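Trainee: To start, I am sharing the structure in question, which I have written as structure tokens.
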Amino acid sequence: MKTPLLAPTPWKLPLPAGGYFLPGGKTLIIGVLFFLLASLFPSLSRADEGDILIKSFSIEQYPQVDIYLGFQEDSPLDVEGLTERNFTISEDGQVVTEFSVNTLGQISEPIGVVLLIDTSGSMKGKPIANAIAAASLFVDQMREIDLIAVVGFADEVTTYTTFISDKAMLKEKISQLKARGETSLYDGIVTAADLFSDKKIKHRYIVVLSDGADTVSKLTDESAIASSLREKAAVYSIALESPEYKPEVLEKISKRTGAEILFAPSSEELEDLYLEISRKIENQYKIVYTSLWPNVEEIKVDLEIRRGGYSALTNWSYKNPFYVPAPTGFQRFQRPPFLTLFDNLYVRVAVYASLFMSVLLFLYIFVGLLFPARRKLKECLKPYSSDMELGEGNEYGEVAARLGPLRRISGFGSALAARRGFGEFFQLKLDRAGLSLLPSEFITLHLLSVVMVSFGTYFVFKNIPLTLLTIVGMTTAPFLLLSQQARSRIRNFHNQLPDALQILASSLRAGYSLNQALSVVVDEMGPPISSEFKSVLTEIRMGLPARDALESLARRINSEYMSWTIMAINMQREVGGNLAEVLETISDTIRERDRVLRQIKVLTAEGKISAYILIGLPVAVSLLLFLLNPDYIGLLFTTALGKAMLAGAVALMILGIIWMKRIVTIEY
């Protein structure tokens, strides 16, 4: 039903009998003006609001909004050639100026159609032949990318082919239709709808041709409607007149699924009706626009379509996925229950006192490390070292009986390490890093620093996530620093080892014993190799067998080169031979190996730099986008598609890092 938008009301001046009269003889001019106005302003009509059918509405890629729409049967707007000028879109009263309008036939998204054809006995002869010809013509009208399935229904439902785009194959399957048996219309619609269940087809349609009422279906018309709605398939119906002609149910199914029914008085008209349905399917529109992002919880969309003298308006609303409610007043932050303990004065005093004691203990330990009150083991054993042999007249008192401040404080850490059995592990790590700390001292210092820094972070920033992050960082940082220090020290040891072996070989040729040769290395070279060899000498002079002392050095250093050297020394002690030549050979081998490794490092440097750039570039670009346009990059964290893309990117980055590492790493 059309309602007038603008209809000029006819009017005239009351004139005396004898005709229309205006003073001055202008009657004819006024009449001409009325005619011109009537021709310039034709009456506009508003179509019913139901003329526009919103097929689907998507904000999965918000702020991009996708709208798929069609028109009701016999709507004056259901014509080809509508463009952006015929559409007006607004969000909360603000007009959207940038949007695109395309028909389904113009976009690259495939359309899925199930041709559901009645093959009951009432279709024998001319009706089934005309139906085959009309269905084949429908196939020709669809695009190459569209997917079509063919299903027939009689006593049973037969699927001649699932979704394919091969038109020749489709026509061959359609030509196999034979008319016989009863009518299972509802079962056929359910089967046709189920074909969409495992397919990623966005636009879904079922085109039904039937000439009679259902007679043998196991399901009902409501089941057919429910299946079509579940699979979001619109059912277009063609009712062919026959003695069993009952189109009411077909019309009900089509209306409920958002489509329409067409009537065929005879089978000769089937081709025209199939062509009309193909036109209606491809003439549905897709509108794409970017939301204006109004900061409201619900965004109201108004869509108006104009053509000629007609217009239709529809509206709907959707939840704003980026809505951030504005504060209406000061609200007290609801803290977790355990944080309310800090409201108590005594608890706060206890916490501040603990923080103060932690800082004090930290400073106490730090001072104790810098100025220990006890002699270290190396100093106590110095009378037995090479310095004593050279006659240095240093005076040594008895080993201090009292323990330093750090040893007394670290009693708790020592007990903990003894109970858990990881004292030796920490001692080995500390020795490799060259730190003169006991495991108990390291554990105590570590625990106190974690407590002190974590409490300080919480009381300064009042931020629980930041505090938890600080705890994790302070827990792992000392171990990372310890490993880095150990790697650096072992690398320096490797660099000194060839020269040290050369000195040992020269000393042995000069007639020195192994212990004296080790003393020469201690005197002539710097740490870390001098300190390690001095520890070996000290252990030997304290009565430890030379073999055990050297193996202890190999465990501390964990060096392949040193393992070769110690193996050669031990073998020479057991079987004899010229140890000097063996050490020179090992020294030359190490130098040659290092030369080759340096050459490999140079050759792979370009690949490593490329790997570092490829790894760091995505992170750097992401940080730059986060600083310059946080709303844009925020879509990766706030939308389902963005999160999936982010997870995929992380997985591919990890795979790429492993791959590049395998490429640039050469084992030698």
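Numbering starts at 1 and runs along the chain as it is shown here.
For all residues, glycine too, the Cβ spot is worked out from N, Cα and C.
Sequence annotations record features per position, and here TrEMBL assigns domain 'VWFA' to 112-277. Look at TrEMBL and you will find 345-371, 442-460, 466-483, 609-628, 640-660 tagged as transmembrane segment.
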Trainee: Six or more residues out from either end of the transmembrane segment (609-628), which same-chain residues have a Cβ under 8 Å from its Cβ atoms?
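Mentor: Residues 649, 653, 656-657, 660-661, 663-664.
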Trainee: Other than its close neighbours in sequence, what residues sit by the transmembrane segment (640-660), given a CB gap under 8 Å and a spacing of at least six beyond its ends?
Mentor: 60-61, 607, 610-611, 614-615, 618
Trainee: Calculate the per-residue pLDDT averaged over the domain 'VWFA' (112-277) and state the result as an integer.
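Mentor: A mean pLDDT of 92 is what the predicted model shows over the domain 'VWFA' (112-277).
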